[in-house]
Amino acid sequence: MAERAALEELVKLQGERVRGLKQQKASAELIEEEVAKLLKLKAQLGPDESKQKFVLKTPKGTRDYSPRQMAVREKVFDVIIRCFKRHGAEVIDTPVFELKETLMGKYGEDSKLIYDLKDQGGELLSLRYDLTVPFARYLAMNKLTNIKRYHIAKVYRRDNPAMTRGRYREFYQCDFDIAGNFDPMIPDAECLKIMCEILSSLQIGDFLVKVNDRRILDGMFAICGVSDSKFRTICSSVDKLDKVSWEEVKNEMVGEKGLAPEVADRIGDYVQQHGGVSLVEQLLQDPKLSQNKQALEGLGDLKLLFEYLTLFGIDDKISFDLSLARGLDYYTGVIYEAVLLQTPAQAGEEPLGVGSVAAGGRYDGLVGMFDPKGRKVPCVGLSIGVERIFSIVEQRLEALEEKVRTTETQVLVASAQKKLLEERLKLVSELWDAGIKAELLYKKNPKLLNQLQYCEEAGIPLVAIIGEQELKDGVIKLRSVTSREEVDVRREDLVEEIKRRTGQPLCIC
Amino acid sequence: MAERAALEELVKLQGERVRGLKQQKASAELIEEEVAKLLKLKAQLGPDESKQKFVLKTPKGTRDYSPRQMAVREKVFDVIIRCFKRHGAEVIDTPVFELKETLMGKYGEDSKLIYDLKDQGGELLSLRYDLTVPFARYLAMNKLTNIKRYHIAKVYRRDNPAMTRGRYREFYQCDFDIAGNFDPMIPDAECLKIMCEILSSLQIGDFLVKVNDRRILDGMFAICGVSDSKFRTICSSVDKLDKVSWEEVKNEMAVLLQTPAQAGEEPLGVGSVAAGGRYDGLVGMFDPKGRKVPCVGLSIGVERIFSIVEQRLEALEEKVRTTETQVLVASAQKKLLEERLKLVSELWDAGIKAELLYKKNPKLLNQLQYCEEAGIPLVAIIGEQELKDGVIKLRSVTSREEVREVAEDLKSGQNRDFNFYYGTTPFSYKAQEA
């Protein structure tokens with residue numbers, strides 16, 4: 001026993017050592033070494049049957065959704081799905097895990113955040129990291145050359161919570177993608193239209209969609225003198241401009257990433273610009289940028305995009321922003337990101353972004369990575385950051401002190417005196433058979449007061465009260481819970497009366 | 001390279017050895033020994049970057065849902081969820097994995113079917129095996145004494161497919177449970193009412209719900225002379241259709257019936273589509289003070305129901321739409337993309353489900369064909385002459401009749417017409433209000 005306790009102590013200390021190393025961002029080899037030591041120690045400890053019983057938590061970075069949170073979630077998904085369907089999207093679903101090989105090599109540095117399943121003698125599996133790689137695998141597997149689909153599901157990332165406060169390890173993604181060879185920028189414009197429709201319908205405040213293009217970034221960095229090898233790392237510095245000042249970004253590029261100051265200055269001249277289609281036209285005239293083939297392509301496509309966005313009536317929500325350099329490596333063309341705007345404290349101040357709530361872009365090379373013949377299927381899509389939206393909507397409801405119902409029950413079947421359970425059971429069954437949402441208390445002889453209180457707490461609007469006298473008269477008392485007004489309704493008319501009051505169609509649909 | 005190829009061959013052979021042992025149901029220790037050998041060999045092989053690219057399959061026992069299968073799935077879930085809501089149930093959701101400790105010791109022999117996550121230096125995790133243990137954990141964690149909830153989500157079991165043909169390793173469960181101390185049998189009766197409502201609404205054929213009680217089984221075996229130790233094994237011999245999990249006091253099973261070949265024959269069950277029972281001891285296993293919360297519930301076997309509904313649709317040769325698009329915005333001549341973009345945008349802004357082809361100058365025939373394939377009922381055709389006259393031609397795709405020519409301000413007029421098309425009421429013309 002003492003031996004075991006000593007071992008447990010060693011495991012605990014080694015676990016702390018590993019966590020410390022990770023926080024200090026020690027070298028990958030060192031961390032791996034210490035993790036291996038930890039696993040050896042744990043293996044010595046063996047399975048511990050006695051400690052099992054009272055573990056009452058969800059794994060780190062995951063959470064349950066209570067009925068209240070589910071009500072918010074359902075509202076948000078309903079708005080989003082309506083919009084996807086309005087645009088003619090089909091829906092698919094894929095397994096929660098993929099073969100490890102499918103995900104390997106697709107996420108660059110982020111690959112270390114993938115959850116692996118234990119090798120239990122079969123295939124090596126990993127939990128999906130996003131919905132895009134599974135989509136590409138689905139397209140290649142089914143040899144599809146075009147599809148417009150949405151997919152709403154949870155994805156898994158072993159994020160380090162110390163780095164990213166409040167970041168979940170299990171969270172929802174809502175993806176919409178159009179795959180196929182089409183005339184330029186029409187599907188891209190529809191993606192932006194969808195993003196705007198969703199964010200407007202959710203009523204979470206004003207928003208702005210920043211747009212840029214990978215080819216413009218490439219071309220811009222090239223003419224400023226950034227070497228290919230530094231491209232990615234300079235990109236991630238530039239991308240911070242929405243959160244920090246240009247001076248800080250410049251310092252990072254020159255001080256930490258070894259960029260020459262003149263090169264940084266040239267970059268600064270471009271990336272601090274944002275505007276509408278006039279900026280696109282201005283850059284098309286830029287003497288240096290217009291010499292770069294890639295940048296020209298990108299600018300040409302953006303010009304066309306803006307034409308379509310104007311026809312869609314959303315050009316006032318779009319900003320061509322040269323500092324947008326976001327995200328994963330697989331974007332090949334237009335990229336976009338939607339941010340919520342806070343109202344400025346003083347007039348004249350520019351609204352500050354409070355963080356991205358949706359993003360996306362064009363990625364023409366991904367499906368080709370899965371096709372044995374390397375056949376390309378061009379794709380453009382978007383992803384809605386629903387977890388952020390859940391919190392915003394929850395906060396909004398709390399601020400408005402709006403009570404969120406967690407059930408849709410329309411009427412409680414109650415009894416005024418004792419020994420009326422049989423009648424309650426018969427009546428509630430009639431109501432269910434007629435498609436009415438009804439409940440009863442699971443008590444033989446409940447007090448009327450308790451039944452009314454149940455209605456108030458749950459937000460049930462109507463109560464149908466069975467009483468001895470009313471039974472003899474062939475009526476039921478139908479009471480409005482909030483107004484307390486009651487009326488006697490004939491038993492045979494009750495279903496119709498309830499449907500009328502709750503706005504339901506008379507047939508069962 | 002040859003060395004690597006030799007190693008790969010060894011890994012392959014060892015993998016086959018392991019699978020063979022499992023099929024023969026060799027002893028657990030022997031299997032573990034051989035699995036350990038396999039893992040050692042694989043470790044020697046190391047990561048293989050070159051082999052990655054063209055793996056085009058889902059993991060064993062899992063599958064994608066195509067748009068058609070999703071349409072079936074959505075229909076089925078809609079019926080089930082309506083019923084749960086009709087009975088006043090709340091809904092919850094839990095993570096796909098739990099702490100390994102949470103699931104340990106809850107599933108008896110079946111524990112070997114649990115998917116574990118790799119130890120990557122943090123908590124030990126396992127994928128959920130059902131929705132009931134997470135529910136008990138949720139109740140105990142939130143100190144709830146009563147709740148009526150449903151939960152629809154996928155669960156994970158490393159079933160051996162050789163044993164159980166067609167059994168998935170990832171599959172949906174639809175659970176409904178009433179937890180709390182109530183007067184006897186009222187919630188139990190409601191669970192059975194729900195089961196019947198759902199199976200009737202799904203229209204998958206006649207069904208029968210078999211009911212029994214663990215206490216009756218206990219008593220019966222006792223008076224027949226079965227020793228306590230033999231109880232479980234005799235039980236599973238008796239019960240061929242389903243396994244009994246911990247502490248079910250009453251078993252209920254719903255089976256689908258085939259119509260008998262001859263009158264007088266009893267209907268034959270074709271397999272369970274739903275099951276449930278009362279389980280009063282589970283939450284107590286999670287509560288530090290061992291406080292009990294009595295529970296009764298049911299689980300709908302939706303995967304079987306998906307197949308049955310799919311087969312039924314195929315037999316009826318009913319075409320399943322995978323989108324809800326009401327109208328395609330089309331052009332009759334070239335150079336009308338701008339007008340199409342403007343019009344489709346107006347329709348979306350008015351809440352109408354509309355599409356357009358992503359081509360600058362599509363042929364009218366192709367646009368009509370697109371409608372036929374997707375089942376889109378209406379097409380709004382923009383033409384040069386009609387533009388000058390200020391009208392749009394609205395055509396029914398199936399009848400090819402021109403529905404009407406509508407004036408340019410389409411929003412209100414079209415909305416009403418589309419509502420008629422999309423609903424189940426028959427189409428009829430409506431005079432457009434000025």
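Including glycine, each Cβ sits where the backbone N, Cα and C put it.
Any TrEMBL annotation is an automated prediction that lacks curation.
Looking up the ranges B:26-53, B:82-109, B:306-333, B:390-417 in TrEMBL, the one annotated as coiled coil turns out to be B:306-333. Among B:ARG157, B:ARG158, B:ARG214, only B:ARG157 appears in TrEMBL as part of the L-histidine site alongside B:ASP130, B:LEU131, B:THR132, B:GLN173, B:ASP177. Under the three-state DSSP scheme, B:ASP177 (L-histidine binding site) falls in the strand class. Annotation for the binding-site residues B:THR132, B:GLN173: lowest Cβ count within 10 Å of the residue's own Cβ, B:GLN173.
Residues B:ASP130, B:LEU131, B:THR132, B:ARG157, B:GLN173, B:ASP177, recorded as binding L-histidine, reach a greatest CA to CA spacing of 22 Å. A count of other CB atoms within 10 A of each Cβ picks out B:ASP177 as the most crowded of the binding-site residues B:ASP130, B:ASP177.
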